[in-house]
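J.: The structure under discussion is supplied below as structure tokens; questions concerning it will follow.
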């Protein structure tokens with residue numbers, strides 16, 4: 001029996017990441033090759049953006065995707081999020097030249113408060129929300145706090161790009177296929193302070209830490225490379241990573257919806273105090289997914305260096321949270 005279509009809302013739909021994302025969702029890469037989708041696309045109510053969105057929709061139509069059951073264009077989150085089952089919040093205010101961090105937080109607080117309220121009012125009660133737009137953890141926290149009638153666990157932030165970047169660096173270092181790496185974790189904020197942790201990782205049952213056996217490489221090469229990869233891409237391409245971010249969003253949502261078969265992945269999720277992180281902090285954790293639910297991998301030993309890294313990324317997140325609390 002064929003499945004009923006699910007509703008997938010995407011914000012910033014005519015942007016670079018949106019363009020790299022929508023065709024893959026419509027082809028079934030995110031929710032499976034048997035799951036029809038209706039795309040509910042949100043762009044800002046500015047003529048240029050709405051015109052660009054029309055062009056993207058024409059292209060989606062021209063692909064004749066068998067799974068694409070409908071496309072809608074919206075300029076208001078209250079209509080874009082109506083009955084949505086999945087919401088990918090990609091659109092955010094980028095940091096402009098000379099813009100202070102406080103201004104960036106305030107501009108995004110406005111966007112994500114409105115979107116959280118709209119989700120609260122009109123989305124499916126089981127909606128799965130992924131915030132991609134930066135600062136992703138804090139934007140997800142703002143949306144969650146603005147949607148008191150939805151379960152906090154429905155709100156997540158994207159750390160999968162950091163996770164995939166870390167896996168790729170480990171594959172290059174060990175000369176092993178990236179798909180063979182298991183039990184990799186990324187802790188904390190989606191920012192250069194994130195802590196990519198391969199202490200538990202294995203390749204073919206063998207410890208990655210033992211294979212690499214180089215703490216200096218970990219500290220001075222691996223962590224800075226993963227942490228500053230976004231900046232390196234901007235320096236090289238002149239624009240921020242879009243295709244790799246879209247790919248990570250697909251990975252995150254696919255695993256959450258369809259499960260990970262016991263494999264660890266990284267998601268930014270609201271803490272309930274795991275590993276001493278204050279409750280409600282939107283924090284990157286290793287998780288497994290099954291039956292549409294994620295579960296934090298608990299009971300992992302945290303050594304002194306790891307604790308130092310976790311404390312640093314937590315301090316940054318707490319600072320961001322303090323920077324927006326008067327706006328909530």
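Every residue gets a Cβ built from N, Cα and C, even glycine.
From Swiss-Prot, here are the annotated features:
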type	residues	note
ACT_SITE	190	active site, proton acceptor
BINDING	12, 13, 14, 15, 16, 17, 18, 108, 115, 132, 133, 134	NAD(+) binding site
BINDING	95, 101, 134, 165	substrate binding site
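Tell me what's around each of these sites.
T.: Of all Cβ atoms in the protein chains displayed, 30 besides its own lie within 10 Å of the Cβ of residue 190 (active site, proton acceptor).
Sequence-distant contacts (6 or more apart, same chain, Cβ under 8 Å) of residue 14 (NAD(+) binding site) comprise 41, 43, 49, 52, 53, 55, 56.
Of all Cβ atoms in the shown protein chains, 15 besides its own fall within 10 Å of the Cβ of residue 95 (substrate binding site). Under the three-state DSSP scheme, residue 95 (substrate binding site) falls in the coil class.
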J.: Whole-number Å distance between the CA of residue 134 (substrate binding site) and the CA of residue 18 (NAD(+) binding site)?
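T.: Distance (Cα to Cα, whole Å): 14 Å.
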J.: On the Cα atoms of 12, 13, 14, 15, 16, 17, 18, 108, 115, 132, 133, 134, which are listed as binding NAD(+), what is the maximum pairwise distance in Å?
T.: 20
J.: Determine the C-alpha span of the substrate site listed in the record, that is the greatest distance between any two of 95, 101, 134, 165, in Å to the nearest whole number.
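T.: So the maximum pairwise Cα distance among the substrate binders is 25 Å.
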J.: Cα-Cα separation of residue 18 (NAD(+) binding site) and residue 95 (substrate binding site), in Å?
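T.: Approximately 18 Å lies between the Cα of residue 18 (NAD(+) binding site) and that of residue 95 (substrate binding site).
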J.: Just to verify a number: CA distance, residue 165 (substrate binding site) to residue 16 (NAD(+) binding site), in angstrom, no decimals.
T.: 19
J.: Look up residue 18 (NAD(+) binding site) in the DSSP assignment and reduce it to helix, strand or coil.
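T.: DSSP call for residue 18 (NAD(+) binding site): helix.
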J.: Would you count the other C-beta atoms found within 10 angstroms of the C-beta of residue 165 (substrate binding site) for me?
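T.: If we count other Cβ atoms within 10 Å of residue 165 (substrate binding site), we arrive at 22.
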